[in-house]
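Since the structure comes first, as structure tokens, the remarks are kept for the end.
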Amino acid sequence: MEAVDIKKGLAGVVVDYTAVSKVNPDTNSLLYRGYPVQELAAKCSFEEVAYLLWNGELPTAEQLAEFTARERAGRPLDPVAKQVIDTLPTTAHPMDVCRTAASVLGARHELAEDASPQANMKKAIDLWAAMPSVVAYDQRRRRGQDVVEPRDDLGYSANFLWMTFGEEPVDEVVEAFNVSMILYAEHSFNASTFTARVVTSTLSDLHSAVTAAISALKGPLHGGANEAVMHTFDEIGIRSEESLEEAAARARAWMEGALAQKKKVMGFGHRVYKHGDSRVPTMKAALDKMIAHYGRPELLGLYNGLEQAMDEAKGIKPNLDYPAGPTYHLMGFDTPMFTPLFVASRITGWTAHIMEQLASNALIRPLSEYNGMDERHLP
Ligand SMILES: CC(=O)SCCNC(=O)CCNC(=O)[C@H](O)C(C)(C)COP(=O)(O)OP(=O)(O)OC[C@H]1O[C@@H](n2cnc3c(N)ncnc32)[C@H](O)[C@@H]1OP(=O)(O)O
Ligand SMILES: O=C([O-])CC(=O)C(=O)O
């Protein structure tokens with residue numbers, strides 16, 4: 001039998017072109033439509049970046065005004081989506097709620113079966129505008145709290161925090177949240193985006209593709225890692241009375257133990273980046289600001305201890321989920337809500353890819369090499 005070169009996990013396989021983003025592991029860079037993500041995070045609102053991902057160019061002032069008006073109009077929680085969410089047990093993972101909401105919003109969309117570029121752009125903007133109220137309400141209902149209506153006078157990030165906590169957020173927190181949304185927005189052919197493209201390649205609809213992408217994002221080897229990072233911090237123990245050095249020493253010892261047991265530690269490693277994730281320095285700077293803002297140096301101790309011990313033992317660097325997890329924790333999000341926050345952001349990248357896939361579609365259907373029973377027959 002001829003040896004077949006199996007590309008397990010499609011590692012290293014280039015399957016198509018994309019003009020949405022460029023991940024370069026050699027130079028540790030990430031470009032959205034040609035712009036370095038660090039520059040976008042420093043100078044743009046998430047709304048501008050969403051527009052860029054969908055349209056290929058940053059908006060003019062007039063385009064941005066029209067675009068943000070559309071986003072604000074789409075914010076209120078859909079009443080049927082709310083009814084459905086209310087039937088779901090609070091034991092259901094928030095990612096299941098997100099996935100269900102995306103599906104319900106698809107079934108209710110007036111352009112559900114219209115796959116024209118105009119309809120898909122409208123569906124993408126509508127879903128992006130609607131998801132924060134789903135995520136915010138889900139955290140609130142789990143705490144026995146009511147819906148907080150969106151505010152038209154706040155930008156996307158400030159309004160998201162407002163709808164979640166019912167308090168007007170301070171600028172520093174809004175900025176850190178905005179940075180996280182921009183960094184999470186897009187990352188070429190990652191597992192969830194590829195899932196969206198596979199579904200789209202069958203000429204299924206946009207909401208179906210996003211619903212499948214949410215399912216792929218849930219796993220801890222992908223988006224679920226931001227939540228898993230916080231579980232690691234909790235397992236080590238967050239002790240507010242501890243100094244940075246004491247916390248770092250306990251974290252180092254925990255990591256040494258975990259690696260001795262050959263555990264995979266979530267928030268570290270990446271399929272593409274082998275010398276560090278291009279987004280981590282920017283997200284870590286936002287985390288540092290939040291640690292200073294909330295006065296929680298022990299979290300920095302845990303962060304540093306784990307990172308250093310992993311680097312020394314295996315040379316494996318943190319990925320974006322590592323600084324994002326504790327940042328969301330400091331902001332007041334419950335740990336299971338972290339991956340839904342990733343969803344709210346990544347809807348932009350997923351839908352940009354869905355539209356790109358459709359513009360030059362080919363059914364995605366790879367081959368497999370059979371290694372089961374030889375042909376046999378019933379008696
Ligand atoms: C936004 C995102 O989705 S970023 C990714 C988020 N995911 C995580 O943080 C989950 C933890 N990380 C991992 O599981 C992996 O690094 C992945 C899945 C992200 C990438 O993995 P791959 O490219 O398939 O590499 P693979 O899993 O084969 O790892 C290569 C080696 O590094 C080790 N390794 C990789 N990541 C880790 C980790 N987080 N902890 C411990 N060891 C690790 C593996 O055990 C393996 O070691 P071995 O060669 O001795 O068996
Ligand atoms: O690219 C990947 O494989 C995972 C990732 O970092 C992302 O989706 O942001």
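Cβ atoms are placed via backbone N, Cα and C, with glycine included.
Model, not experiment: these values are computed from the prediction.
Among the features that TrEMBL reports, active site is placed at His270, Asp321.
DSSP assigns Asp321 (active site) to a helix. All protein chains shown were included, and the count of other CB atoms within 10 Å of the CB of His270 (active site) stands at 21.
Taking CA atoms as the reference points, Asp321 (active site) and His270 (active site) are 11 Å apart.
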